[in-house]
Every structure is written in structure tokens, then in C-alpha cells.
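Written below as C-alpha cells is the structure these notes are about.
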Amino acid sequence: MWLILLLLSGLSELGGLSQSQTEGTREKLHVQVTVPEKIRSVTSNGYETQVTYNLKIEGKTYTLDLMQKPFLPPNFRVYSYDNAGIMRSLEQKFQNICYFQGYIEGYPNSMVIVSTCTGLRGFLQFGNVSYGIEPLESSSGFEHVIYQVEPEKGGALLYAEKDIDLRDSQYKIRSIKPQRIVSHYLEIHIVVEKQMFEHIGADTAIVTQKIFQLIGLANAIFAPFNLTVILSSLEFWMDENKILTTGDANKLLYRFLKWKQSYLVLRPHDMAFLLVYRNTTDYVGATYQGKMCDKNYAGGVALHPKAVTLESLAIILVQLLSLSMGLAYDDVNKCQCGVPVCVMNPEAPHSSGVRAFSNCSMEDFSKFITSQSSHCLQNQPRLQPSYKMAVCGNGEVEEDEICDCGKKGCAEMPPPCCNPDTCKLSDGSECSSGICCNSCKLKRKGEVCRLAQDECDVTEYCNGTSEVCEDFFVQNGHPCDNRKWICINGTCQSGEQQCQDLFGIDAGFGSSECFWELNSKSDISGSCGISAGGYKECPPNDRMCGKIICKYQSENILKLRSATVIYANISGHVCVSLEYPQGHNESQKMWVRDGTVCGSNKVCQNQKCVADTFLGYDCNLEKCNHHGVCNNKKNCHCDPTYLPPDCKRMKDSYPGGSIDSGNKERAEPIPVRPYIASAYRSKSPRWPFFLIIPFYVVILVLIGMLVKVYSQRMKWRMDDFSSEEQFESESESKD
């Protein structure tokens, strides 16, 4: 069987030092403080590409020679989920310039893997000894702690015969012919489940750093294969796990692969790994042997028991990756590697020091890499910066070079726009190549550099400052072709077009009767995939997503190279499908493409009909005011005459675009004075209350004074009146 289970007995006895280890384990190890001394450095474009350190360990000075080894792509992302369960990309910036690997001078069988982003952090291995090194965070200087990692000798790894292909006892070591050196690249997506996240740091920065250490060590071990493991993306399940993580390893692997098929479609990767924490476990991992490039089986789970060191976990990850490439475990009596313990030795996770691949593993890899099963390792992702130092005049355009035609080539045909002596732009040149460069000058802003290819694409424009014409397209999930299909990565994922691409213009997308009839057979004519046991049965809900079934309306016999064409007459229609040999590089053409509509709000994904919510389409008509569509950055790409960002304002001469387009209009200045004047005219003045109080006090005082004056005058009048009456009375009495 292809399923590999790693059974580890006595694993709880395995010790080592890492931040996540138990205190009991720490007490066994000697920790010392050292100050690394940088003695040499080579830079390119302002960044170190080679560096040498002197490092004192237990009173002896060792010299570390290091070379830059990047493994992060430019679009590397770390994902998590918010409280609503919606996946988000964490806003963290990661440097791809500070990951190094190398060796210790004077020790041929040595290996150094460190990050220099914030001090030195990583592993040193020579002989059968391993050391860990980390910056001393409380130190104001460049002090580091260094410690010897000494895993105790626990029980050996055991393998059940029913689960693993052991190396044939009659295996013969054959000489390997020298081959042309070819670089290979494996892109992996790693998922860290909740308990694992909490165990190794419970902080996104700390956990990310530890995963980087795993990948760095894996790359150093895979160096003899000329294989670079690229961490394409990382995912944390911090609040809750997305699948059940209990149970044995093979069931967990099945659940993870099922989840992967539905939720990792738009995150580029060749393999996906789930890292799970367990207090104790019999198994340390599971994967499918030789299935690295089969998208249905390209995955693995690694179980991290409590006492396992980070270094041992890296060895487990390397063994799982090796098994998925078809490598077998070593027969220790027949396989040698020049160091005490080989990588594919069952005891490798228990050991310290350098572990290398044996001659048996080298031959296994040679067989794998020359087979059709290794096709996913042939593509070369862009890694920046390059660890190779640029040399002007060697005929190769390297990092930070505009041109390099070599001494002879430059003499015969001098390069335009470029100075061959410096490999930089020549005087007066603004650019040298690219769609937005013309005769060494940048094209003007707003000039079309790429027309829309179909309704799922958008037209791009030069921005006047770069020679690059960025590629944008309509957001995945947007309806197309009269709302029958949806857009996927800039193309209308039309079933009609799929059939015409295969069988010509006389073909069309098959009827539902054709799909239901043929994809229910689970044979060469129709199925939902191929597994180790043969053709996979299509459940009723998934039959529109299995083999691509087309209707054919021509009398000409179809002939496709390397493929078998199957005909069927169903309900009066000629239905056709095809079959490629297993492992053929065009075998994916015989399946319905991912993203093809298979029902209301459903699309095909890995031969299953699933809800389309994973596409994340969230662009309604109101967002762009019915005058635009959302692009792949979720910004409105407006129709002609409508201006971004929301397609509300109009300008007759504007051809359409988004805030990402090179023809973005400059924002018009806001009419400040009219706005302020209008604001004051439309509102009555609001005097502060404390300014009104004195006014009222004065009024009240004046009123009081008036009342008092009035009262006094009235009193005077009354007194005068009384005096007159008294005078008159006295006069009358005299008379």
C-alpha cells in the first residue's frame, strides 16, 4: 500500500531543548553564553549574500561559513481566521534575505542552518553532535545562548508491514551515472493546528519563526538532491481546528486531504502538511508513498509529541517528504551515507548531528525525478533575492542587472538602453525592456499595455513610472457567458470551451444525461478520479465534476495523441470522453476543470461539487454602483466614463479602470472655501452658553434698576400727594 505510517515506540523518552520543551528536558542540557564575531561579509544590492562568523563553544572557536538560501516566494502569506471564521491574511512582513546555510570550517560532515534576521537563530551540526543557538533577548549586546541538543535513545521507529513498502532484502546498489545538474522546487503549504500553535509559542511571530527553522533545516538536508523546499504559505488554526485532529494518523490524513481539496484550491502549493501536537502518540506521521505530485494524495500529517525537539520534528518532516517521493527506508546493512545515521534510517529522529541521504536514497530519488510522477518539481518559482552574487560580464542576467551579454556578445551586438560595462541602464535611458518601455523611454501614463482577453479579464495601462504592465483580472466567482459560468483567474471557466479545447469546434458541453450515465460507471468511460484501488465512484452529487463529458456533432473520427476516446449514444446524443495513461503529463485534461459550475451556487473542486463560498466572491452590484466589476484585488474596475474608486463620478474621456490601473485619474481638489461658506450659511450660529450668561445678567440688572427707579418715583409721587392733602386740611381748619 502507498500509505505510510511512522510508528514510534518509547517516543516520550526523546528529549531536547526548544522553547516548547518541558523543564525536565531543559535540566539535562548545558547552556552557555557566547558572542558570535562576524569576520567576513559579501553583499549584493546592499544585502549580505555570504557571511562568516567565529563562534566559541565550550572554550573552542569554530568558524561558520554561510551562504544565503532563500525559500520564501514574493507572495508568501500567513493566514488565520477571524471571530466569524473568515480567513484573513496577517499583516506581517517577512524578510527573505536573512536565511543562511553552510558548514563549519575543518569539519567536512558539518551543517549550519541559521536565520540572521535578529541575531543568529538555528542549528549547528557536526559529527554526531547538534547545537541550538538563539539570541539572548535580555542582553544589550550581541550575546547568544548555545546549547547541545541531546535526544535520549528511545525505542526505534517501528513500521507495520501492511502499511509500508520495506526495502527489498535483495536490493542491489547500482552505480549512478552522472547527470546534468537540474534544480528542483517543491512548494508546500503548512497548517498549524490549535494545540500545536499554543505549544510552540502561541504567538504568530514566534510560531512563524519556528516553521522557518524547520524549512531551513529541511533545505539543508535536501541540498544533495538539488531540491529547494519553498514555503508558499502558512496557516494557523488559533481559535479552533477546522477538522477533527484526534484518532490515528491515517484517518487524520484522510480528513486533512478531504479538507485540503475544498479549501486550499486558490493557495498555490504542491504539497500540504498539517502539524498536530499530541502529549503522547504511537505515530509521528502519515503520507502516501510516491504520490507527491498527485493533487488528490499530495499531503501529509506530522504529529509532534510533547518531548520531541524542533530538530527531530524537522527530520520527521524530511522523512515524510522523502516517502512521498517514493524513497524507502534504509536497510542499515546495505545503505551508507558517510555519517553515523542516514536520513532514512528509522532511528534518525532519535539521533544528533548531521544526517545525510544514503546511496540507496540517492538512487530512489534518481528514479523518482526521471519519472512522470515528479512533474510538480520541474517548475521554478521566483525567489528573491538570489543567493548567487551577480557578476557583470558572464553572459547571464542576474539579480540587480539590466543586461549581461558577455564580453563577446556585447562586442558583436551592443545592448540597447544598457551599459555593458556596468550591466545597468545607460545614460539617458529610463528602462530597457517590458511592455511599458519603448526605445529606452517609459510609455506615457494611461497608454494601453494589455487588452482584456475576455469578459473575465480587464484592460491594463502603463502608469508612467514602471516598465512593467501589471496583470489584473475580474474577481474569482463573477458570473460570465450570460451567467452560465463563472470567472476563475481571468478566464471564463466555460464547460463549452473545455470541450472545444479538447475535441474542436464541433464539440460542446455534455448534457446532464451524459454526465450522469457515464460518470456513474467507475470505469474508463467515466469516474471521479483514480486511486490505488482503481477508478473512484462518483456520488450522484459529484457526477457533473468527474470525467469531462462532451457532446460531439461531427461524423469525423476523433484522434488524440496518447489518449483513448470513448463514445456513447445517450438519449440520441453522441457523448465522448477520453482517457490518458496514468501519470501522463496531460492526464488532467480528462477531468472537469476546477471552478466549473455544477449547480446553483456550487462549483467543481477536485472532482467534487462543493459550495462556491470558498472563492470569497463578495462583489455586489451596489459596491460599484452598477457601473463596474471587482478585480482580483477586490477594487472596482469601472466601465468607460466612470471614475474609480466607486464608479460614481463621470468623465467623458475616461476609458475605465480601477485604483490599481495605470491610468488612474488624479483626485480633484475639494472646493474648500465654497464648502465652508455653504456650511456657515446653512447653519445658525451656535454661541457658547457661557458667553450668553453675562448678557442676561446685564439685562436683569438693568431691569432691576428700572424697577427700582420706577418704585422710587412712585413713592415720591405718593409722598407729594399726602403733603398736599395735609396742607389743604390745615388751611380749612384755620378758616
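Note that Cβ sites are derived from N, Cα and C of the backbone, with glycine treated the same way.
Here Swiss-Prot annotates a disulfide bond for Cys638; of Cys630, Cys647, the partner residue is Cys647. Candidates considered were Cys609, Cys624, Cys630. The record in Swiss-Prot pairs Cys619 in a disulfide bond with Cys630. Candidates considered were Cys293, Cys440, Cys449, Cys456; the recorded disulfide partner of Cys376 in Swiss-Prot is Cys293. The cysteine that Swiss-Prot pairs with Cys449 in a disulfide, picked from Cys423, Cys431, Cys469, is Cys469. Considering only the disulfide-bonded residues Cys337, Cys376, Cys636, the Cβ with the fewest other Cβ atoms within 10 Å is that of Cys376.
Around the Cβ of Asn489 (N-linked glycosylation site), a 10 Å sphere holds 14 further Cβ atoms from the protein chains shown. The Cβ of Cys624 (disulfide bond) lies under 8 Å from the Cβ of Cys630, Cys636, His637, Cys638, Asp646, Cys647, each of which sits 6+ residues away along the same chain.
For Cys449 (disulfide bond), the nearest neighbour among the listed recorded positions (Cys335, Asn359, Asn585), judged by C-alpha distance, is Asn585. Long-range neighbours of Asn279 (N-linked glycosylation site) (same chain, six or more residues apart, CB within less than 8 Å of its CB): Pro305, Lys306. In the three-state DSSP assignment, the secondary structure recorded for Cys342 (disulfide bond) is strand.
Nearest neighbour of Cys360 (disulfide bond) by Cα distance, taken over the recorded positions Cys469, Asn489, Cys619: Asn489.
Looking at Cys619 (disulfide bond) and Asn359 (N-linked glycosylation site), their Cα atoms lie 56 Å from each other.
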